Structure formats: structure tokens, C-alpha cells
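Below is one structure, written out as C-alpha cells; comments come after it.
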Amino acid sequence: MATPFVADELARTTSSARSWKSGSIREVWQGQPDVFQRNSTRRQEVDDEEELRWAAIERLPTYDRVRKGMLQQVMSNGRVVRQEMDVTNLGSQDKKQLMESVLKVVEDDNERFLQRLRARTDRVGIEIPKIEIRFQNFSIEGDAYVGTRALPTLLNSTLNTIEGIIGMIGLSPSKKRVVKILRDVNGIVRPSRMTLLLGPPGAGKTTFLKALAGKSDDNLRIAGKVTYCGKEFKEFVPQRTSAYISQHDLHNGEMTVRETLDFSGRCLGVGTRYEMLLELSRREKEAGIKPDPEIDAFMKATAMAGQETSLITDYVLKILGLDICADIMVGDDMRRGISGGQKKRVTTGEMLVGPAKAFFMDEISTGLDSSTTFQIVKYMRQMVHIMDVTMVIALLQPAPEAFDLFDDIILLSEGQIVYQGPRENILEFFEYMGFKCPQRKGIADFLQEVTSKKDQEQYWFKKNQPYRFISAPDFSKAFNTFHVGQRISEDLRIPYDKSKAHPAALVTESYGISNRELFRACFSREWLLMKRNSFIYIFKTVQLTIMGIIALTVFLRTEMKYGRIEDASKFWGALFFSMINVMFNGMTELAMTVGRMPVFFKQRDSLFYPAWAFGLPIWVLRIPVSLMESGIWVILTYYTIGFAPSASRFFKQFLAFFGVHQMALSLFRCLAAAGRTPVVANTMGMFSLLLVFVLGGFIVSKDDIEPWMIWGYWVSPMMYGQNAVAMNEFLDDRWSAPINGTSQPTVGKTLLDGRGLFVEEYMFWVCVAALFGFSFLFNGLFIAALTYLSPLGDSKVLIEDDQEANNRRQRTSNGEGLSHFLMILFTCLRACA
């Protein structure tokens, strides 16, 4: 045990040591500046620098001010500062960094990000455009074959075509039956509310959504009206105001996911984002408000029209979960690409990148698991509620979690609206009708089955009353007496106040960008597709080269005699063989064009671009290919075969073959646009080639063609090509010897005249001009066909004939009776044995 003296000494020593340490630490810190004060000073300097940069941006002219933003940059010393950037020329790293700053974790940040966007506009009193859609006394009907005549067999297709042609002149009554798809439906689709469209297959959901989007088929008859903010379709452009998202995934398989969305956003434009940004910037400047730098940069980057790549694409890729496959090709039947569920999301994102304020989505969950569907619907809900979007989504069997995200429900059955209104009241309505959803039953599944004749009885809960089947028309009539239906009827009786509609809510322009920008966008896409399909062009060139080598080896060591009538046969054959090769080399254009028709029709009908913007880049970009392929053939064969050894004749033959190749490409493109399907287009292509060859002046001479068919000779493009290459050869000086030494026509002119061809030198230029004229004509017809024709092979409703159904049931019952009798007889015989 320590003595008191030792304890006192130990205490004094400890106290001295503590005092020395405290003094030393104070001396150390007193000799250095305060680190907290230093960090605060540095932060103040950074803030002052940012304020100066922002003040410099505010002093810029309006055009420059809306193109400048403040973005975070990591300096070489590790400091993070905000630098002034041109938002129209952001690099991939800058875009990634900006998206990370506003949307790092999509599940957590998307709603907050949209609220920040909305808060900026609300702070200065800018109203967001809203769209309310009403449909009143709306009915749609069409014609369809019934029974076995509706099956797509060869016999039925032939009979349908013949009957259609005869029916056009009124000689035969139509054997189609009128099908009522929608029957006198009424309702309101309100903004800022998520609407779910439910109904069994064949209920008319797709037709209903297309009708609301203004994209109904031309062969349907429509009664009633659909209005947007009180205005009918003829007063604005519904295809630009709204966006219909099809259940069919049609994309260019050669493009990546990002390129697909970028092209869509570039064509659809930015709508009123730029004008709203100008007004927003003006009001903030007047009020002295400094906006959120990230939100300001994002809004400025997404408001610039005509950009090849847009930041809105990166945002849509993130919220749809496509950022992991953004740089992978979409793919098609012949090319490996993304999965089916990802393709479905690309179809949705293709329209989300546009400026539409109303969306009609048809079966967007096909191929998606319930978790992914829930996430996408949740993001759509956030968009609808915060940005005041109008949205109707048709889902076949939504999971309960996804079902609970919707605000309103439209239940469609047999072309009639059974219920439309808040989701909370739908079970109340069916209990009012006598049907109750079991506790462990999904509400969406219950709604699908309660209108079905087969499944309805199991949900009847009024045991004190006998059950009777309640049809869709009965439900529809009862809904009109239900308090939700009465409220909708009262709202429809009051006309929409057009003065409350935002002037920018409805779009009146046909396309989102200028004609020049449309051409540039389609041109760049066509160039991209050509590069991705380079194998086809390389294969065509190699094929032509091989055929040229084969042709030249036949004549390489053969002396081609010339100057006499009997020497001309080999030259005729060589010229015709060259013509066939050059013409048939362009036939691949037919298959390539037909393969792109479905995507074109979808984008044309959605007003991405006009037909000429699609057709002109194809025409222009095929010119270098045509020059190269024609040049390869002429270079390989002209001198080796032994044609006229003159440089001018060489280039004239090259010009003639170039005209033939251009004409052939244009002809096959025109036939592809007219045929629209591979079978029809190939049939038309082979038939037209047969006519062109037979009437071209070589197989059958002009003098041997019957007078009533001579018009075919003059309209055959090959005739002009045959004349051009034949005159180029046989009007050369080496064929200018007179026959039998007399003053009769020369050998060359005699050969030409004998086949009914032109004999004057200037006619060569006329024929070449005619070839290019045919090229212009066929390209014009190609664009006209793209403009006015609709796609073939639409799916039709298969309707069962009542008589055939009765006969089949009778046969079935007879067969069952016979089977039962034979079974009894067999049992008796077995018992007797």
C-alpha cells in the first residue's frame, strides 16, 4: 500500500505532465491558422466565384443565356467547383455527372427531382399545360368476315380480294358483317390522375386508346366526338398533342437503344420547353431569383431542339431501367439484341422522350415481371401527379401492388364502359350490383371475371335473391344510376370552359422541328443504318466483282472481231448480259425497303417525319453506291471484252450503266412501297422485270411487237438503257464501214436499225436523260406511296358464325351420343362374355 507522501508526489507529477501537454498543444495551435476558419474562407471564395460566374451568365443576351449553365467540375487538385458550360455541347462525361447529381438513385430521387422541376416553375407563377379529354356518345364500328371466311387462307384471301373489287363497282353485295367495337361510351379522362384501362381480350381497349389518341384506322366508322380541352381533332394535331404507345415492338434492329431514343427525341422536338424556359429565365431575372444550378442546367439542356443526343434520353433510360443496355443493339428476328421486356420498355421510352402531355399506353407490361412493372408504373404516377400529365394505361392482369397505384379505373367489356371513376369506389359499385370480391382475390382479376358469363356466378353474394347473369349493357345502365356515374354525367352536361385551357396545351404544328432538321435527322439515321448494314453492300459489290471477273475471263484471250454484220452477235450478248447484271444487282433494295416498312408506318403515323424525309436520304445515299458498283463493272469488263477502245466511249458506257442502276434501285424501292409486304412486293418485282425484259428491245425486237403492245416498248426503262449502250458501241468509227462498199448506211447503223433502235448520235443523250427521268419518276412514286398508302395485313377480329356454331354443337352432341351408345354396347357385350 502506497504511503501518503508517495501518493502526493504522484498526483503532483500527473498534474504537471497534464499542464505541460496542454500548454504544448496550445502553443502548436496558436502557431497555425484555424482549420475551420480556413475551410470557411475557402468555401466563401468558391461561392463568390460561382456568384460572379452566374452574374456573368445573367448579363448575356437571352439567346446565349439559355444555352449556358453551371456544372460541377472536378479540378486537377481534387477541388469540386462549378464551371460555366455550353449545355448544347455537353460531353458524355458531363451528361453522366449531371444525371448523377440530380438522379443518383432512381427509386429514391425521381420524385424529389420532379418536385424540384415543378417548384422552379411554381415559384415564378408559370402554369404547366394540362389536357382534359372528353368522349361523348362515342361509337366505333367496322366490317369483318365471319366464320371460316375470316381465316387467312389462300382461298379466302383470293375470294375477299375479288369480292372487294367487284363490290367497288356495285355488282356484288358485301358479305362482311358489321361489328360494333365501341357502343355509345361517355366519360372524362382528367389530368394529374393515373387511369387504368381494364377489360378482357376483344373488349375494344386498343381501338379505344387509338381513338382517344386520334389514330383510328381509316376503315372504321366513328360516331360521336372526342375533345381535348373542349376542342375537336380538326382544331389541332392530336398525334402531336398525345402519344399512343402500341403493344407491338417495332424498331430498327441495327440501332442501339440510345440511338433509337435519341432519334425519336430529335424528330419529336421539345415542344414548348424552349419558350417556357425563356419566360422562366425572364421572370427569375426580374425577381432576382437564382435557380438551382443542376435543375437549371437540366432544363436548358432538354429545351434545345435538333440535338443529335439529348439529356432527356439519359433521363428516360434511367427511369425505365435501360441504362444497362443503352449501347446494345435493339435487334430483330435475324440479329441478336436486347430481351423482349427491354424492347417493350424501348417502345415506351420512344414516346416518353417527346413533348406530349397525354399518353395512351397499350399493354406496356407484356414480357415484364411484376416488380419491373410496379417500378415503371410508380414512375409514371410521379410524372402524372407532379407534372400534371394525362395518362391512360391498359394492362391485362396487373399485380395488386401496381393496381393500387392508379387513381381512376375504366372497365371495358363488350365495347361498353362498365365502370369509370375513382379506384376506391369500384368495389362499392359491384357490391351495389350484388357481386363481392373475396378477401384473398386480386381486385384486377375480380374485375376481369365479374363481367364474364362463365365466371360471374361465383361472386354473387346476395344469397337471399336468385342469381341471374348480368350482361355488360346491364352493368353500363346501372352505372349511370350509380353516384359516380351520375357525377360524370353532370360534368359532361357542363361544357368545358375553353378560356381555362393553357394556350400551349394543344399542338397545332404537324412536326416538331423544321423541314431542314427533319432531313438532317433522317439523313444521319440512314447513314448509320448503311454503316450497320455494310455487309450487304460489301456482299453486293463482291458479287458484282465476281460476275465481272467471270465475264472478262470469257473474253480475255478471245479476239473480238468487229466491223461486219456477222461480228455483232457477241457484242449484243455481252451488252445485254452487262445490263442484266447491273439491273439485278439493285434487287436487294426491294427486300431492304420492305423490311423497314413496319417501322416507317409507325413513325409516319406518329408524325415523327413526313414521307419525303424518309425517302430522299435513301435516294441520295445510294448514289455513291451506284457510282461505285457501275464503275467496278465497267472497269472490269469494258476493255477486256473488247468494246470500242475510246476513252469517251468508256465514260459514256459508265454513264449509261449508272443511269440503269439508278433506275433499277428506284424501281425496286417503288415496288416495295407499293407492295408493303415481302410476298406482294416480290411478286410485283418479278412481274415487272419480266415485262421490262420482254419489252426492252433485245429479246423481242421493236418491229416484232404487236401494234397494240407498242406502248409497252416506249414505257420500258430497259429499252432506253439498251439503246444507250448499243448506240455507244455500234456508232463508233470501227463500225462505220459502208455495206458492200456502197453509199448505203454503215454497218453500225444497219445493226441498230435491224433491231428497231435509234441510229442518231444525239439520241444517246436522250436515252440517258430518260433513264434519269425514270429514276426521278420512280422515286417520286416511292414517296407518294409512302405518303398515301397504309400498311397491309392488319389483324382482324375473328367472329364466329351463329349457324356454324350451332351446327358444330349439333355435331358434337351427336358424336357424344354415339360415343355413349357404343360405350354401353361394349360394356354389355363384355358382361355377356
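Start at 1 and count along the chain as shown; that gives each residue its number.
For all residues, glycine too, the Cβ spot is worked out from N, Cα and C.
Here TrEMBL gives transmembrane segment for one range in the set 632-648, 649-665: that range is 632-648. Contact check: the transmembrane segment (679-700) against the transmembrane segment (535-556) gives fewer than three Cβ pairs closer than 8 Å, residues 6 or more apart, which falls short of the contact criterion. Nonlocal intrachain contacts for the transmembrane segment (535-556), taken as residues 6+ away from its ends with a CB within less than 8 angstroms of a stretch CB, comprise 574, 577-578, 581, 585, 588, 592, 625, 628-629, 632-633, 636-637, 640-642.
The highest tally of CB pairs under 8 A with the transmembrane segment (607-625), across 568-587, 632-648, 762-789, is held by 762-789.
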